[in-house]
């Protein structure tokens, strides 16, 4: 039985190979980083040798303790420097291809994700930021039944609770909109701050919460020194 030509065999293997999920390209700075680390290590060894010589040749108690202090200080700094060299020894650049994930892994085999968002003080951490974070996570391009988002409010603020009540109403419009239009920036604040594509659907999303915003709700927003002032515009950009 004749074997297929090498070129045809390679082409067949390439065609049957699973699609790439990422590529890895080494950085050109690798050699330079390693050379610098080697020279720097030699300098540190020479410095420690000098400290040791001075330490054993000290004739007074004061000079001994001064040299010992310098030796310990340089030892700590050298340890900190050495710990920071690991990622410089082989820096790489990665490029991901998330569009190939469904070709390699079945949706039913994807792991479940639990995302915890913590907040405490609505004045130091405006609810507008926390809500934007939660909405962007909920809008992940991931099976909805496999992702859970938990918000922990250590301060137990009524303002944060109100913000998430409003966000829950807006999420019913925002999440389907992101999935339908394949929105890349799924943080509402970021999306509406950019030159997004105007359409009747986006304008409809903006208008819905404006219609639903009552004077009572508006007065609550105004009572927190502007913390929630922009909620109907940014979170429920209506």
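Glycine is no exception: its Cβ is also placed from the backbone N, Cα and C atoms.
Curation plays no part in TrEMBL annotations; they are all automatic predictions.
For reference, TrEMBL has these:
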{"type": "BINDING", "residues": "124, 125, 154", "note": "UDP-alpha-D-glucose binding site"}
{"type": "TRANSMEM", "residues": "31-49", "note": "transmembrane segment"}
{"type": "TRANSMEM", "residues": "61-82", "note": "transmembrane segment"}
Other than 124, 125, 154, which residues of the same chain sit close to UDP-alpha-D-glucose? List them in sequence order, counting a residue when its Cβ is within 8 Å of the Cβ centroid of the site.
119, 120, 121, 122, 123, 155
Of 125, 154 (the binding-site residues), the residue whose Cβ has the fewest other Cβ atoms within 10 Å:
154
In Å, how long is the longest CA to CA span across 124, 125, 154, which the record gives as the UDP-alpha-D-glucose binders?
13
Inside 10 Å of the Cβ of residue 124 (UDP-alpha-D-glucose binding site), count up the other Cβ atoms and send me the figure.
9
